[in-house]
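Novice: Okay, so TrEMBL annotates it like this:
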type     : residues : note
DOMAIN   : 3-234    : domain 'BAR'
REGION   : 228-293  : region 'Disordered'
COMPBIAS : 230-248  : compositional bias 'Basic and acidic residues'
DOMAIN   : 291-350  : domain 'SH3'
């Protein structure tokens, strides 16, 4: 080769058909190599899982047909997380039950994904890898050998007359022999590329099967979740009713005069936000407003703590006059008007909209 470039000697040229064939083989080799790498990335974006997927062929030979690739699928990890928290929330939680449904579906998706990985590995990746390791590698070996014999033949042609004719003839025969072997192997590869089409078809079939099963699993999950939403919306909502506050019993105060009680002076307050002790106690009998007007029934006792609040006892019927906001009403009882919390009453006749 140095002699060709430096000395300007004309080397033996390969015909155009051979060069075209060699070019197609080179393109095929690059295509197979990159498609293999991208397919493994497609199946497993995680680098650690990709390494395990690459080792799956060896594991398969040792154990036979494998049903699990040996690494966790992301869908399975998500499913386990959902199931764990769904169980913690318990069966009385709508969200907890939904998490259990979704978690089981995610685990089913992981099993389908396992099947996809193994199917693609066995019917697409392994055959292409075999093509790289054997056929393409063999062709490269033949081409390299051909190049060496071509250079040897050209060198001996330059020395024609200085070497025996038999040596030149043998060099030419070896060159022609290598050229024929390389051409035959390349021709066989290019003419049988329908095998690669078959392998590509197997990849697509595996993907279709995976997506069909995935759609079925997700459709079933979507139906379950919609059914849960309908059931929840049809059930009456449980209203939160706070428990009545317990009164603090401090007992009788100690008397400083030897145990004889003293008459307590009536207390007065400087602020309207405190109750006065001489406030008259309501009697159980109340005037009942007619139930044809907006009204509510007291569920608990309510002691007003601020100006403008209306106090009442459990069972009182209060006339509604206005709704201040979503938590407070304004009403009248025994001629007194004031505000009170909605959570302490049950509305009998609502206010007109």
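Glycine residues also receive a Cβ, built from the backbone N, Cα and C atoms like all the rest.
Could you place these features in context, so I can see how deep they sit and what lies close by?
Specialist: Here the domain 'BAR' (3-234) has a mean pLDDT of 87 out of 100.
Shown for the domain 'SH3' (291-350): DSSP residue counts in helix, strand and coil, namely 3 helix, 31 strand, 26 coil.
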Novice: Please list the DSSP helix, strand and coil residue counts for the compositional bias 'Basic and acidic residues' (230-248).
Specialist: 5 helix, 0 strand, 14 coil
